[in-house]
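Undergrad: What follows is a structure written as structure tokens; I'll ask about it next.
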Amino acid sequence: MDKCKENCISGLKTTVPPGDGPKRVPVTQHFPAQHLPSANSGQAQRVLCPSNSSQRLPSHTQKLVSSHKPVQNLKQKQSQATSGPRPVSRPLSNTQQSEQPQPAAPGNNPEKEAASKQKNEESKKRQWALEDFEIGRPLGKGKFGNVYLAREKQSKFILALKVLFKTQLEKAGVEHQLRREVEIQSHLRHPNILRLYGYFHDATRVYLILEYAPLGAVYRELQKLSKFDEQRTATYITELANALSYCHSKRVIHRDIKPENLLLGSAGELKIADFGWSVHAPSSRRTTLCGTLDYLPPEMIEGRMHDEKVDLWSLGVLCYEFLVGKPPFEANTYQETYKRISRVEFTFPDFVPEGARDLISRLLKHNPSHRPTLKEVLEHPWITANSKPASSHKKESTSKQP
């Protein structure tokens, strides 16, 4: 790899999980370490996060674990949410953490400043490396790399390690997309958003340290069951609407909501797992065409300006697919799908309840300004009548594991 390309990827500064990452939950479950495959290896099956295709292919999920019991208990710390980037460093050792600075009198304290400077320099040196992790079984495979079950050696913290090959990222020209995904996802703190604890890289690969979602992908569940019932659909839509509301409050537009990008936590709660097409939208509207065609709104496929209302459209498409088993505008060709989306042409099967029809019809409006707000979605009568807490469907979700 020439030096120019290496620097292009190395633009990702090495960072590490914050305090609620790999050091909190000791897990004694043991699994044998495996060797990572080469860039051309066909091992593993699906990759967890990168949005690398506009096709409706099962390319972004984690496989389910064989045990019905979750192997970790990741507690979200929503209070740590920040509106901008904040560097994170590897947790200090117990000895270092116990050394608290002594109170100093007002004014300059040369000794304290020197100690603080030394501490900062030491912190910068503590960077993650592959040797810090025990690598377990593959969880998935994708276009740019693989995802593995992993354990941080010191804390025994279970996580998912996403391995992306630099040569493949460069060849596809998506280095900037990866940087954007990391920048956005690493600063989001919400129970329905998969945590990105940190990242690091070596000469050939980029590694993302991710929260592990034991119950796998929503897409896999949907394939297995064909469609979801009203309660499960309304619950997922509620959780997703809450997560999107949080994203929008941080001026983040997701733009690629679909079953392949949604995972299930240990309690069966939904988690957005892929921010490859997401963007910060401080003030401007976007005109880039991205995401999956079945879920794209008219304003995006027509190349018009768009804003956070694109996520409301995707929410309507998702609600329809959960209840029916396929997207509302699905057709044999891209051209036909494009045409149906532009004209908002879709029909409901007889078994779709009236309340759900009303919500979906409100969300799938050609004019973005006519779509409801996320608050109105959460207050919709069909949602409030059918949605239930995530903890109440934990047993239902775990009982369906193979």
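Including glycine, each Cβ sits where the backbone N, Cα and C put it.
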Undergrad: Identify the region 'Activation segment' range according to Swiss-Prot, selecting from 168-181, 280-293.
TA: 280-293
Undergrad: Looking only at LYS143, LYS162, LEU210, GLU211, TYR212, ALA213, GLU260, ASN261, ASP274, the residues listed as binding ATP, what is the longest Cα to Cα distance in Å?
TA: 21
Undergrad: For ASP274 (ATP binding site), what is the tally of other C-beta atoms lying within 10 angstroms of its C-beta?
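TA: So the number of other Cβ atoms within 10 Å of ASP274 (ATP binding site) is 25.
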Undergrad: Using Cα coordinates, what distance in whole Å links LEU210 (ATP binding site) and ASP256 (active site, proton acceptor)?
TA: 19
